[in-house]
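**Q** First, the structure itself, so that you have it in front of you.
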Amino acid sequence: MPELPEVETIKKTLKRFVINKTIADVSVLWPNIIKRPDDTEQFKHIVSGQTIHDIKRKGKFLLFQLDESVLISHLRMEGKYSVHPYQEPMKKHTHVVFSFTDGEELRYNDVRKFGTLHVFNKGDEFNHKPLNQLGPDPFDEEFTLDYFYKKLKKTERVIKAVLLDQSIVAGLGNIYVDETLFRANIHPLKKASRLTKREVKVIQEQAIITLRDAVGQGGTTIRSYVNGQGEMGMFQQELFVYGQENQPCKNCGKPIVKMKIGGRGTHVCISCQKIK
DNA sequence: CGATGCCCCTGGTGGC
DNA sequence: TGCCACCAGGGGCATC
């Protein structure tokens, strides 16, 4: 559920609490979260003793910059981070605990256990999965109109599926794809290769505007998402179509329709968004 | 290349 | 009220 704006919000919040903290020990309560290295003991050994100097983000990934390593975290559906004194009781579904030398702990909580953690040597992280599979972040300079148009031209898939593909552009998920396509007046089932350069430009612009606005609002709070402080995002008030099934379109008044595209719930105003 | 389905998981929902 | 089958959903992976 956390997409780019939620991950960006989590990053900003977390930075206030963990920058310059040194990891004394790591406790892994659900080893399947750890994807690299294979061996959980190895993971703990590598990370222990290192200091968190910065947190970066690419797409929906968090990149914790340590002394010698980079810790890469994907929250998938329900992953959350929070910081607590070590005495504080552990919440249900806490799976990884980074204990700092000052008595505080960074805790990773994930009801569905879908989240992942990878550790790489500094500088090596972009040579391996998962980061080497990623397209540009929408806020990156490489996300140019030429790049985007070329990518869309050479695929036979529908635009909704392409926007969800993290190797094309990294960070959009179900919510922001639906919102972007509504704002761009494009039907999600339209073939990507059939879009004009003008339409591609509008999609690109609306994606960036939507994401930027959502970051400004601290993300969207749907169900359980809260940032590292437990604060809620407010962007859900500005959603046009996501979760608005049967509600009147804020533009034309016709009811928003929910359909299934590529196995994903998809929200669309069939009056405003034309396939043509 | 692309569509489909399975898998990873648990809480919420709907049927009975 | 209780039980249970079923579903959601990001992304990796195998299959066709």
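Glycine is treated like the rest: Cβ placed from N, Cα and C.
Annotations in TrEMBL come from automatic prediction, not curation.
So TrEMBL lists the following for this protein:
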type: ACT_SITE; residues: A:P2; note: active site, schiff-base intermediate with DNA
type: ACT_SITE; residues: A:E3; note: active site, proton donor
type: ACT_SITE; residues: A:K60; note: active site, proton donor
type: ACT_SITE; residues: A:R264; note: active site, proton donor
type: BINDING; residues: A:H93, A:R112; note: DNA binding site
type: DOMAIN; residues: A:2-115; note: domain 'Formamidopyrimidine-DNA glycosylase catalytic'
type: DOMAIN; residues: A:240-274; note: domain 'FPG-type'
**Q** Can you check how the pLDDT averages out over the domain 'Formamidopyrimidine-DNA glycosylase catalytic' (A:2-115)?
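**A** Across the domain 'Formamidopyrimidine-DNA glycosylase catalytic' (A:2-115), the average pLDDT comes out at 93.
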**Q** What is the number of other Cβ atoms found within 10 Å of the Cβ of A:K60 (active site, proton donor)?
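**A** If we count other Cβ atoms within 10 Å of A:K60 (active site, proton donor), we arrive at 22.
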**Q** I'd like the Cβ neighbour count for A:R112 (DNA binding site), meaning other Cβ atoms within 10 Å of its Cβ, all protein chains included.
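**A** Excluding its own Cβ, the number within 10 Å is 11.
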**Q** Need the DSSP three-state call for A:R264 (active site, proton donor) to compare against my parser.
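**A** In three-state terms, A:R264 (active site, proton donor) counts as strand.
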**Q** What three-state secondary structure does DSSP assign to A:P2 (active site, schiff-base intermediate with DNA)?
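**A** Where A:P2 (active site, schiff-base intermediate with DNA) sits, the three-state DSSP reduction gives coil.
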**Q** Whole-number Å distance between the CA of A:R264 (active site, proton donor) and the CA of A:P2 (active site, schiff-base intermediate with DNA)?
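**A** Spelling it out, the Cα of A:R264 (active site, proton donor) and the Cα of A:P2 (active site, schiff-base intermediate with DNA) are 16 Å apart.
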**Q** Find, among the recorded positions listed as A:P2, A:E3, A:H93, A:R264, the one whose Cβ has the highest number of other Cβ atoms within 10 Å in the structure shown.
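**A** That would be A:P2, with the highest Cβ count within 10 Å.
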**Q** Sorry to bug you, but what's the C-alpha spacing from A:E3 (active site, proton donor) to A:R112 (DNA binding site), rounded to the closest Å?
**A** 16
**Q** Using only C-alpha positions, which one of A:P2, A:E3, A:K60 is spatially nearest A:H93 (DNA binding site)? These are the active-site residues in the record.
**A** A:P2
**Q** When DSSP is mapped onto helix/strand/coil, what comes out for A:R112 (DNA binding site)?
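**A** The residue in question, A:R112 (DNA binding site), is coil (DSSP, three-state).
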**Q** How big is the Cα-to-Cα gap, in Å, between A:E3 (active site, proton donor) and A:K60 (active site, proton donor)?
**A** 6
